[in-house]
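What follows is a single structure, written as structure tokens, with notes after it.
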Ligand code: GLU
């Protein structure tokens, strides 16, 4: 009998800004799921798009994780120096006819719901710079996958579209980088926010095409404002605290946002005590399968 793989999870922030309460909830959920399974928890900085990532934000994020007691295993991985691995993946796809160069601009196909694949059979305009796209219409690609909270997901490949893998400015796209790094780091469990659920079909296609194993998926409800907006830098999501009293309160509220019903007397306990309680009591069954969760009120 083969042994089940040791659990390996990860938190993979894009360092476009410091973590806010919504990203703390995602980090905490993936941390608790890994620790409750006795597994490893890794941190990967997804800085493939340097213009979007102000210098120093990666260190700020790492410091914030430590402040909340979310200590990771192994050394942190950064994506900015992973060019060779991503190029290998793109070449492998292109060799199989599963990736193709595309010279079209967004403006040209704006009347269509997804890119109609004009360059699949040859470049529309060889004089233009090219992006690389995944052929989402070929091969045995499962557009069916299981989410531990939201159950079986099905997607019609017609609605998927040929996602970009490498941009015209030569920057790597998230879909390719995340799949290559998850596989290379031996990630068994992807736990992240609900906003990434609809990226999963392309990631499943890439995993199948590159002969990578399929991780388990758990998408966590997104924390939204009382007006139903996703927390973000743009809508002034509350910044994460660094003063110990406020840190304890925010961690407690993050546990509430994950439906873990922490007992009231935990709200002022040190982060290590709160995390110990939360690892012991972590229960995905308690999470209600709704896409959104309203920001818990300050006590
Ligand atoms: N880097 C992505 C983000 O910050 C998350 C990637 C993932 O967890 O798959 O939204």
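Glycine too: its Cβ is placed from the backbone N, Cα and C atoms.
Under the heading L-glutamate binding site, TrEMBL lists 10, 11, 12, 13, 14, 46, 174, 192. If you look up TrEMBL, you'll see 102, 104, 115, 119 marked as Zn(2+) binding site. Annotation comment: TrEMBL describes 233 as ATP binding site. Annotation source TrEMBL lists domain 'Glutamyl/glutaminyl-tRNA synthetase class Ib catalytic' at 8-108, 127-238. What TrEMBL lists as motif ''HIGH' region' is 13-23. The motif ''KMSKS' region' annotation in TrEMBL covers 230-234.
Features per TrEMBL, on structure.
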residue : record                   : DSSP class
10      : L-glutamate binding site : strand
102     : Zn(2+) binding site      : strand
115     : Zn(2+) binding site      : coil
174     : L-glutamate binding site : helix
192     : L-glutamate binding site : strand
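Under 6 Å, Cβ to nearest atom of ligand 1: this is the test, and of the binding-site residues 11, 13, 46, 104, 115, 119 it is passed by 13, 46. Helix, strand and coil residue tallies for the domain 'Glutamyl/glutaminyl-tRNA synthetase class Ib catalytic' (127-238), in that order: 30 helix, 30 strand, 52 coil [DSSP]. Residue 11 (L-glutamate binding site) is 32 Å away from residue 102 (Zn(2+) binding site) when you measure Cα to Cα.
In this structure the C-alpha atoms belonging to residue 115 (Zn(2+) binding site) and residue 14 (L-glutamate binding site) are separated by 25 Å. In sequence order, 12, 26, 30, 218, 219, 220 are the residues near residue 192 (L-glutamate binding site), counting only same-chain partners six or more apart with C-beta under 8 A. In sequence order, 44, 45, 178 are the residues of the same chain, not among 10, 11, 12, 13, 14, 46, 174, 192, whose CB sits within 8 A of the CB centroid for the L-glutamate site.
Per-residue pLDDT, averaged over the domain 'Glutamyl/glutaminyl-tRNA synthetase class Ib catalytic' (127-238), rounds to 90. Distance between Cα atoms for residue 11 (L-glutamate binding site) and residue 119 (Zn(2+) binding site): 35 Å, as a whole number.
Apart from the site residues 102, 104, 115, 119, the chain places the Cβ of 103, 109, 117, 118, 120, 124, 131, 133, 162 no farther than 8 Å from the centroid of the site's Cβ atoms, the recorded Zn(2+) location. Cα-Cα distance from residue 46 (L-glutamate binding site) to residue 104 (Zn(2+) binding site): 27 Å (rounded to the nearest whole number).
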